[in-house]
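Remarks on the structure that follows.
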Amino acid sequence: MMCLIIYLSIFLIIVSRMLTGLPMMDRPDEGGLARRTVGEVEGEFSYRDDVDVADVRNLFIMLPKNGSDIFLFIFDRRSQRQRGTMFLFPKAGFVQPTPAKVRDEAAAAPFGFISPVYPLSSLLFNPYNGRYLTTRHLIAFEVTPESSLHDWYFARSPTTATQTQPLGHITNPPRRSPKDKPTTSGHTDLIIRYCALELDFFQDTRRQRDGIYLPNYEAVWPLAMNFLEGMWIWSNRTLVNVTIGVGFMGFSLTSISYPPLEIIVTPHYTNARMITRFKSSLVLDPPGPSEGPLYKVYVLGYGNNRINGSFYKTMRTIASYPRTKPRLSLPPFHGTYGTALFLSHATPQDMDGTTAYISKISTRLATALFSLSEVRRLSGYVAIDELIDLDFNTRLLANTLLADGMQNFQDPINITYYYNSDVGRTHLRDALDTIDHQHVSHGSLITRARYLQLIYTYTSMEKQSQLSLKLSGDIVKDLYLETLYSDVVRWNTTAKQALFLSSMLIYIAGNIQSSVEQEAINAGRMLFLQCTSMCTTEHASTVRWNPQQILYDLTKSSTRFNIFDGFSPCMASNRYDIISPYGILDLFSAFPISSYRSIEKPAVDSNTHNIIFNLRNLYTFIPELFSCPGVSSNHQRPIAVLPIGINCTYLITRRDPRRGTLYIVDGIDVSNPIIISYLRSGECGIERGIILPGNLNNPENTDQCLYCGCVFMRYKSSGEIVDLLLINDKAVELELVAGENSTISAFNPTKYSSPSSVLLLFPNGTIVTLMAFTSHEVIVFSSNFIWASIGGVFAACLIIYIIIKMLCSFTPDVRYTLLNN
């Protein structure tokens, strides 16, 4: 469809016989465009499509000298200025005295005394002629409801603002503000204070610039506005464009795979104008709900109750997203303003569901930026945590929007802020370069988590890998040890955020080519083991798997919602037997990465697509699973996957995978068997292994960690696997052999009410039934005893020496008597 709005830099020709004064020539209609074809009745508007430029030259000569017609010719951009559309207007429309630009003079305190937004509903700067552009040709693609005014107006959401409830539905805490003039500390202090949950503020120094917003839907007239900032989220297949002005937001979502969507937000007294199929006397705004206390929302998309009804329902839903009152006390951008809705939908299984899914996510991102911009403008400042929160979640959800929602795994995803949007963000990037990373690594869990958030948000993927890999690994290890030694682990938002960010950054580092790629692969395999160990049956029973339940709980609470509240170690694990089928796993599956390697999608059962590290991650971090094409192990739904060594993995399944060294666990319900396969990279043969019964050596009397790297597996005769725990250091090993005296409840058999058995899986492929640990009696002498003994021996020797010396030095007095006769 050619562009028909005259403000789009199109070449146009307006000729009238009155202006040219050329004589009327009686010649045949060589171009086939007779006078009656263009407009036989004086004073009427008509048009003709697909007109050749030669026809225009003919008409130029044919029009009468003092006629009352004016015609306009618009080239089709694809025709190289040879063909286009011609319109014939009555001349009277261009001599009306109505001014072209009329602003609404209504007073509005947040916007000044003159509206910052007003429509340019005119033709050649004359609004009188706008009524002529109401033909079917201009809206043949049916962008809006056309036959029923009931479809034109949307019901307002009960959670948005009204005159009686100007703050709408409250789910966020009060916004903090600077006590004095908003200031920003130095670079280093900026990050340290943020990580320590102390506020810094930026002043709102954005500049306004006059601009014109050109809607993607050409039926809507352009809007004059005061431009502030904007954002693009784009790939080779998709573009999300957000334009922010004073009291104005323009949002558009365009893709080669899905129908377009556009949202326009204006001050509540601004009447946008559009071309419709109704008669010119019925002037309508674009579709949308009624205005709120400050803003009016318009939604444009392809759908109504009769045509594309599912998308029309989506349009009505997202019309309630832009808040109709700037929440100076309750900013909706905290915690991502869009994550609550994001978690309320399972991953769609069809095209209509996917369209609604990505439309809602992208709209939430746009309205979050608009809300922050308005609150920032009205208050004169922005808190650093508000800006970081928005940027972090925008980057996070952009991956879902473009990569997962659009099935666009191969194209890079880009986020571009323009004009005033980079104010403050440059300062944050500079601050990251001055921080002492070693100092942060020794901080508290919340300090390290917020630092990882900054790294993810404001650095490149290459730099992310270098700065975050070791820190991420340490965080995962600390959380794993805490879960081992604590009977009740408090998985609060901080712990979930730290685990999520650590998992995500390790994942990114392993999926890009960098100097630490191999180190990242090793860290990722260890991450799998530790998260699988943390995903016990007891923990899984406490996870809120249902997104709808999470949203329901949110509506009943006044606390701030965070996307991390729905995260769990199970979502970053390779444990598949205790997960729930709800869609929350699908929601988290698309988060971590910004660009993917160009690889073929591994052939894994569709039931495993919804775990955060499956499909893309299993192929990257555990390639030995897919090193034998065509083997059935590539197509099974496993119980668990344990990357236990270098290029070696234990695969636990219910069916024989026909690959690797196979161990069949005895004493298990025949309907629910446990088969353990030890897989090596490139080895596709089959061997039968034997699980060895017996006692193991007690490692208490040695400093060497005999069982580090092994996996402790507790199971029941029913086939249920209770625990899969990694032995990762000497302290955990000693707890393992302590038995009933172990402070780790998973190692203590008295903690289990029903009988269970234990296997120990070694990194070399050996599996042993754990019966007991054999203790050998060893006489141990303390160092004090040894030194005392040495001293005693020395003293005894000294005494003996003295005695001998005395005996040897003694001379007897022997006297002889001469015997005489």
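Note that Cβ sites are derived from N, Cα and C of the backbone, with glycine treated the same way.
Summarising the annotation, Swiss-Prot assigns N-linked glycosylation site to ASN66, ASN236, ASN241, ASN308, ASN414, ASN492, ASN647, ASN741, ASN764 and lists sequence analysis as the type of evidence. Residues or ranges marked as region 'Interaction with gL' by Swiss-Prot: 236-299. Taken from Swiss-Prot, the feature topological domain 'Intravirion' covers 805-821, and the record attributes it to sequence analysis. The transmembrane segment annotation in Swiss-Prot covers 784-804.
Other C-beta atoms found within 10 angstroms of the C-beta of ASN741 (N-linked glycosylation site) number 10, with every protein chain shown included. ASN414 (N-linked glycosylation site) has a Cβ environment of 14 other Cβ atoms inside 10 Å. Among the glycosylation sites listed here, namely ASN236, ASN414, ASN741, ASN764, ASN741 has its C-alpha nearest to that of ASN492 (N-linked glycosylation site). Distance between Cα atoms for ASN414 (N-linked glycosylation site) and ASN647 (N-linked glycosylation site): 34 Å, as a whole number. Among the glycosylation sites listed here, namely ASN647, ASN741, ASN764, ASN647 has its C-alpha nearest to that of ASN236 (N-linked glycosylation site). According to DSSP, ASN492 (N-linked glycosylation site) is assigned to coil rather than to any helix or strand. Recorded residues ASN741 (N-linked glycosylation site) and ASN764 (N-linked glycosylation site) have their alpha carbons 29 Å apart, per Cα-Cα distance. ASN236 (N-linked glycosylation site) has a Cβ environment of 13 other Cβ atoms inside 10 Å. Secondary structure from DSSP puts ASN236 (N-linked glycosylation site) in coil. The Cβ neighbour count for ASN241 (N-linked glycosylation site), using a 10 Å radius and every protein chain shown, is 18. Counting in whole angstrom, ASN764 (N-linked glycosylation site) lies 11 from ASN647 (N-linked glycosylation site) by their C-alpha atoms. Listed glycosylation sites: ASN492, ASN647; maximum Cβ neighbour count within 10 Å falls on ASN647.
DSSP assigns ASN647 (N-linked glycosylation site) to coil in the three-state reduction, outside any helix or strand.
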